[in-house]
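A.B. asks: Quick one: structure below, then a few questions.
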Amino acid sequence: MEILAILRFIALLSILIFVHEGGHFLIARLFGVAVEEFGFGIPPRLWGKKIGGTVYSLNLLPIGGFVRLKGEEGETLGFGGADSFAVQSKFKRAGIVAAGALGNFLLAWLVFSLLWGLGKNVPAGKVLVNEVSLGSPAALAGLAEGDHILSFNEETVETAEELLDLTQESLGKSAVLGFERDGEAASVSIVPRANPPEGEGPLGVEITTAVKEEKAPFWQTPWFGLQETFQTLAAMLKGLGQTVTSLFQGEEIQIGGPVAIYAFSKVYADGFKPFIDFMALLSLNLVVVNLLPIPALDGGRILFIGIEVLRRKKLSPRTEAAINSIGLAILIMLIVLLSVRDIRTFF
């Protein structure tokens, strides 16, 4: 099972990176920029064939891919030629750089649209009881696995998070919990514990937000998919803002590296629909992260183009390369630190 999880994780990353690099490739060709190599996997090269001026290669490590553009390192017109990336207009260079994120955005849109056609799990507006601990307040009140919690103290609860928040407000106090069993509504009195046993919550239940499957008419799936794509992006940007705020306030931040992504993929990406749903979420994460104005990322390269607009001249290739090297070193250090922390957390 572990081998299958690893292979699934490699496939997941490969698709995301390959689509990202494919975006760079297509827009570069559209704008007349020569692509020297479009590779699948990470070198060393196993096989390559030159077609129309571009080497298409298959490399040893089957994770993702890469695109090598002519003049990407900052050639001048005299050395690079008119098909060099370095001599293109600011608009074209920014478009080529941003095209990777655009590819990931379109992948997420496509996947969400497909899922709406196949049938997508959406919140059902109630909370599912997955397990009840023996001797807990929930067990004493008569709750059972499979019940759906509808309200708490006459306040409707639609998500597990809402129920947890309301429970915290009533620790040690009697409350009325409304639930549904086999289609019939009922209510019970319950007293959430202020000091529950280790591994249990105030009510003594394991809960999740209940879901139901919904399908969209075929002709509406692109619209439903686009809506979900933008809603998910908005939620991610909000989360990013909260993370930055927590960072400046000295609070603990909740971000994960490759190890955390692998751990989550084992849980959430088992099966075709969960796999592509998780892939769409990661694809949008890649959009957000990759466009951050950080050197070594595409967002950093767009930032350099913006600086060029303000200065009316480019940074020297040496200066840009040095800044990117520093940014890359910091990113690698961050990934290593996150990976060490995640290994301790998940394994």
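Every residue gets a Cβ built from N, Cα and C, even glycine.
Automatic, uncurated: that is what TrEMBL annotation is.
For 6-27, 94-118, 278-300, 321-340, the entry in TrEMBL reads transmembrane segment. Annotation comment: TrEMBL describes 118-158 as domain 'PDZ'.
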A.B. asks: What parts of the chain pack near the transmembrane segment (321-340), using Cβ distances under 8 Å and only residues at least 6 beyond its ends?
C.D. replies: 73-74, 255-260, 294-297, 300, 315
A.B. asks: For the transmembrane segment (278-300), give me same-chain residues lying six or more residues beyond its boundaries with a C-beta closer than 8 angstroms to one of its C-beta atoms, as numbers and ranges.
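C.D. replies: Residues 12, 15-16, 19-20, 97-98, 100-101, 104-105, 107-108, 111-112, 115, 229, 232-233, 236-237, 240, 261, 264-265, 268-269, 323-328, 331.
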A.B. asks: Taking a Cβ cut-off under 8 Å, which residues six or more beyond the ends of the transmembrane segment (6-27) line up next to it in the same chain?
C.D. replies: 35, 38, 40-41, 62-67, 69, 95-97, 99-104, 106-107, 261-262, 265-266, 269-270, 275, 278-279, 282-283, 286, 290
